[in-house]
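Listed in TrEMBL for this protein:
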type: DOMAIN; residues: 13-120; note: domain 'Thiamine pyrophosphate enzyme N-terminal TPP-binding'
type: DOMAIN; residues: 368-492; note: domain 'Thiamine pyrophosphate enzyme TPP-binding'
Amino acid sequence: MPSESVTRAREAIATLIAMGITDYVYCPGSRDAPLAYALAEAEKRSLVRVYPFADERSGAFFAVGLSRAGIVPAVITTSGTAAAELHPALEEAKDQELPLVAVTADRPFELIGVGASQTTTQHGLYGPTPVAEVSVPAGAAVKEAIIRLVRAAKRGPVHLNIAFADPLIPQGDEIWPEVRVPLFDEGETTFPRWNDVVDGNLDTVVVAGDGADSEVVSHARIAGIPIVAEPTAPGNGGHAPVVLQLLIDRVQQVIVTGKPTLSRGVQSLLAQVPRKVVVSSLRIWPDPAGHAQAVVPGLRGTAPSARAQWSAVWETIASEAEVAAAALDGDMTLLGVARQIWRSQPEVPLWLGASNAVRAFDIAGWGERNNVHSNRGLAGIDGTISTAIGFGAARQQPIRAVMGDLTFAYDMNALGARPLPEQDIQVIVLDDGGGSIFASLEHGKPQFTELYERYFAVKQSVDPVGVALACGWGAQRVETHNDLQDILEAPVRGRNLVHVPVPRESSLITDLSHRTQIALRKSSENCRTIVP
Ligand SMILES: Cc1ncc(C[n+]2csc(CCOP(=O)(O)OP(=O)(O)O)c2C)c(N)n1
Ligand SMILES: [Mg+2]
């Protein structure tokens, strides 16, 4: 007689496949074993790609990487704490509105709350995080629930909790179900024209954050509108935070696209600018101040030309900022190294860790670069290596991931995982002996120096090279610009780690901004009118 649980697991996987889900992170356990057998059958039929992970937290972040690369993944765990491990990645997926299906196997519901082993309340486990959630009791049909759930996943993570009763292994006579799903018509959206919502008489900047609309950025560029783009947005690669610091009071209108999170200057601008247009198709559009005049899903037509004087002022300061930044070349500092990495092998996708790593690129990178990514949803320092591995796996491309030392230590487990037998990934650890970002905030003041080390820096006793070697990665410590350059010019092959010690920075932007002002004063008398 066929196993009822294995039959339902097959129905579940066949329905997920029919809904277009072909990539599965599978984390082992006893309760989710029926799903393992179902996946193995689907794999035999070449219907799915399966990435086995022992560590569910890492596996879930790997899935976020897949999703960021355009694949809708499912992550399968067993019951108990295993299910809880998905929560951080689901939070990140929620904020980026990335589709992801969390499938947790559960005990039959009558075993909840009666002291049964590895049994907890899994329905509602992630609180309000999933955009949809369904729990299916043991023995109940799963198809309809899954169809509705996967459709809801367009807007973020969803949670499917399925209870399985014993026996959990195949009895040998289960069939592979034929599952048909409805065709869904997605309809069309029409966008307003630029001139309908953007005032062409105002001095405007486009702020492009993570997930920005490349059409908006390219139209703005043609019209000469200055662009303040974060490293993960199109139009990146200037020293916009530095320029903005000097011109912030002159901006009369902002067009926001994507979710900007990196610089305090941009946040101040967004809070104070008189006129703001948000271009976003996200369910939760970025406007914390809540005073946007318009929120639109896109713009059509051409952008109104910027005033020539406004573009010229911006350009002048931007080129002086570049002169100031060029003085960093050769430095083994966070900014110097970020600049060096940014300009090496632009064809290799970059994955940037949160904290100062991504900010250093925001300030020091020069020259536009595509294919730069980061978990900017909740800007966690967890799961960075796992997400980068997932993104690289989805793109089937070598990838370079750059992060701070705490960020590395947080996700070291990922170095031991082998979701793919072979992968080309380079992890660069910018090691400044703990968490440094707080030193550039109020906590960096001299009166807190002693407290800082113990409460904020929390330096880990971890040797990244030793860890990497122990996990079968290649690894080296690099201390000179030239040695780093040799590594950055070589193709990324296999798994390897580069450990780069850098001094702790107290403020990334102030120094560059100061240098830019000096350069401006020297370069032209006219600039006195620009920088008072
Ligand atoms: C999961 C998580 N825990 C805590 C934080 C708060 N946090 C932000 S940056 C940071 C320190 C990061 O240190 P490191 O990776 O060495 O980068 P650095 O600031 O030194 O550049 C911490 C703890 C966070 N963002 N995510
Ligand atoms: Mg650090």
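Positions of Cβ are set from backbone N, Cα and C atoms, glycine also.
TrEMBL does not curate its annotations; it predicts them automatically.
Residue counts for the domain 'Thiamine pyrophosphate enzyme TPP-binding' (368-492) by DSSP state, with H, G and I taken as helix and E and B as strand, are 58 helix, 20 strand, 47 coil.
In the domain 'Thiamine pyrophosphate enzyme N-terminal TPP-binding' (13-120), helix, strand and coil residues by DSSP number 48 helix, 20 strand, 40 coil.
The average pLDDT the prediction assigns to the domain 'Thiamine pyrophosphate enzyme TPP-binding' (368-492) is 96.
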